[in-house]
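Report on one structure; see the data block that follows.
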C-alpha cells in the first residue's frame, strides 16, 4: 500500500505530511505479522502456523497519501513461562507504550476466549487511541462477528472497529486510510523508499527461522535461533550468506540436519529462494547447525534478536 509520494516543496495545508507509530497488539497467531506484510505490500515480518513466531519488534513502513505509517509488529501477548517468553512479552508492551495508535488484533475465528478477554482487560488503562481489529472474518458468520465486536467494545472504549482478513486483504484499505488520517501532522521518520528498519542480515536470519518453523514441529523451533554470521557481496553481483542455526542439545541438531542432511538442505533451499527474491540478487546460502547449551539464558543471543535480557 505504498501508494503515495512525498509532497514537493514547502508544506501547505493541502499537502501537510503526517507520520506516526502504530503498534499491533494481540495474542499469538492473531494475524499481526500477516497484517503488517499486507499493509506494507511485501514481507517484513515472518509468518507461520506456529504461535509465538515474532520475537522482537519489527517495524514495517507504508505510505498512504501524505502520511507515513510505521507499523510496530510486536510479539504475541501470552502468559510467559521461560526467560525468552518474558523478554518477548515485555518487548510487546514496550512497543505499545511508545505508539500513537494501538491496533488490538483479535482472531475472530477463535472468538471471545480467555486470551482475548485477558488482552482486552489489560487495555482498559491504556491512554493512546485504541482500534479494534477483528481478523479472519471471512471464516466467521456475520452475527457472530457483530456479537464479538459488541462484547469487546463494552469492555474497552475503542475509537473504531474494523473487520478484516489480513490474508486476502479484505478491509485493509479502509484500515490504511483511517490510520493515514489519524496519525499526527509531522515530517516522515524514514526515507520514502524504506519499508522496514530491520537490517537485511537480520531479515535473512528471520526468513531462515521461518523455514525452520515450517519444516519442523513440536517444541524444537522454540529451542532454536538463527544468526547471520557472514555477508559477502561478490564481484559478480551475487551475495554469499553464512548462517548458523543454534540448538540446545545434540539430539536437536540431528533433527535439524535430518537424514544425510536432507532437512537442513530443504530449509536452506526455501530460505535462499525467498532471500534472493527480496534482494533481487543471486544468493549463495550456507547453513551450519551448532549446539549451544542454554542459549536461551545467554544475554548476547537476546541482543542479536533485538530483545532486552530479563533479569
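The backbone N, Cα and C atoms fix where each Cβ goes, and this holds for glycine too.
Since we're looking at a predicted model, the values are computed, not measured.
Feature annotation from Swiss-Prot assigns GTP binding site to 26-33, 73-77, 135-138.
The domain 'KH type-2' annotation in Swiss-Prot covers 216-293.
Under the heading region 'G1', Swiss-Prot lists 26-33.
The feature region 'G2' is assigned by Swiss-Prot to 52-56.
Taken from Swiss-Prot, the feature region 'G3' covers 73-76.
Per Swiss-Prot, region 'G4' is recorded for 135-138. Computed over the region 'G4' (135-138), the whole-number mean pLDDT of the model equals 96.
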Residue 26 (GTP binding site): secondary structure state under DSSP, collapsed to three categories: strand
For the domain 'KH type-2' (216-293), residues assigned helix / strand / coil by DSSP: 33 helix, 28 strand, 17 coil
Those binding-site residues listed as 26, 29, 32, 137, and which of them has the most Cβ atoms within 10 Å of its own Cβ: 32
